[in-house]
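Participant: First, the structure itself, so that you have it in front of you.
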Amino acid sequence: MSRFWSPIVSKLVPYTPGEQPKDRSFIKLNTNEHPYGPSPIALGAIRAATEDSLRLYPDPSAGALRATIGASFGLGVDHVFAGNGSDEILAHAFHGFFSGKDKLLFPDITYSFYKTYCELYGISHRSVPLDDDFRIDPASLGGPCGGIVLANPNAPTGIALDLAAVRSVLEQNPDVVVLVDEAYVDFGAESAARLVPEFDNLLVVQTFSKSRGLAGLRVGFALGQPHLIEGLQRIKDSFNSYPLDRLALAGAEASWQDTAWFEETRRLVITERHRMAEGLRSLGFNVLPSAANFLFVSHETRAARDLLTGLRDEGILVRHFNKDRIDNWLRISIGTEEEGEALLKVMAGLVAG
Ligand SMILES: *Cc1c(COP(=O)(O)O)cnc(C)c1O
């Protein structure tokens with residue numbers, strides 16, 4: 001608390017990111033980072049960009065990167081926005097599209113940053129309960145509202161909605177923006193990108209942080225019709241004209257081009273996810289069907305908090321959310337097979353002990 005804080009700063013409840021420990025080395029399965037990391041070609045491009053031109057500002061419009069991304073979805077550069085991680089794009093979208101008088105809707109269990117942005121920008125919102133199986137009922141997302149935000153696959157459940165369900169949400173809500181946050185889509189869900197030409201109220205947001213192993217570079221993008229993209233650009237150009245630096249632009253562009261690395265590493269993650277899900281089920285865990293690079297699990301007899309500390313003592317970090325309905329669950333990121341084996345071994349001891 002400080003007497004210099006504005007009322008809004010005093011009231012904020014900032015988002016808590018997963019722990020990034022500095023004191024000792026852990027097997028980090030707590031923040032959904034990619035075990036295989038960025039494309040070596042992307043790293044080469046970042047190194048090559050580390051030269052004298054860094055004295056010059058980067059392209060404020062990120063034109064080349066946006067054109068490259070757009071082309072791969074069959075969309076023009078005017079249908080793509082690029083930002084400093086998708087979190088920044090979410091912030092701009094909340095700021096720009098959801099400040100109407102009706103309430104913004106999102107599921108009660110979802111990415112907790114949505115609520116934080118609502119508080120930051122003074123957006124009223126209502127959470128829509130997931131059903132008992134942690135699924136979103138598309139019919140529950142309708143009626144008068146100020147907009148809709150869906151993570152697909154959802155976080156931290158990992159459960160995906162199919163394209164028909166996303167379409168039905170769009171059709172039910174033609175007069176508000178429907179934002180689909182596809183941070184994990186590449187691990188097994190269907191992207192709504194192909195619905196962009198059809199729906200003027202759809203904004204799809206993706207990131208390089210998860211499936212492209214570039215969480216440290218901070219690059220995300222949004223796809224939507226030009227009027228939505230222009231709205232985001234107006235905010236960006238009133239906030240920070242250069243959200244993507246030269247290294248990020250070079251690295252993201254090269255990463256996007258290296259489809260071989262992308263395909264191979266995401267396949268490894270998906271294969272390992274299936275193996276981990278089976279391993280955990282055989283230890284008595286309830287494992288939600290995941291289309292993401294993590295599993296959301298709960299044990300029949302062991303409390304999540306005890307497992308969390310037990311794992312930590314053995315040098316393994318996973319994520320626990322201190323929140324209604326999910327406080328007996330753990331979110332476990334998919335790592336390498338070796339990391340997965342280590343986790344299963346420790347878990348076996350903890351559930352037997
Ligand atoms: C990780 C994540 C993001 C943010 O990703 P960045 O691009 O790194 O900012 C957004 N939405 C969800 C659901 C995520 O899990």
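From the backbone N, Cα and C atoms, a Cβ is placed for every residue, glycine too.
Unlike curated records, TrEMBL annotations are generated automatically.
Sequence annotations record features per position, and here TrEMBL assigns domain 'Aminotransferase class I/classII large' to 26-345. Taken from TrEMBL, the feature N6-(pyridoxal phosphate)lysine covers K210.
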Participant: For the domain 'Aminotransferase class I/classII large' (26-345), what's the mean pLDDT in this predicted model?
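Facilitator: Looking only at the domain 'Aminotransferase class I/classII large' (26-345), pLDDT averages out to 97.
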Participant: Around K210 (N6-(pyridoxal phosphate)lysine), how many other CB atoms lie within 10 A of its CB?
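Facilitator: I get 26 for this one.
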Participant: Can you see whether DSSP assigns K210 (N6-(pyridoxal phosphate)lysine) to helix, strand or coil?
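Facilitator: For K210 (N6-(pyridoxal phosphate)lysine) - judged by DSSP and reduced to three states - the answer is coil.
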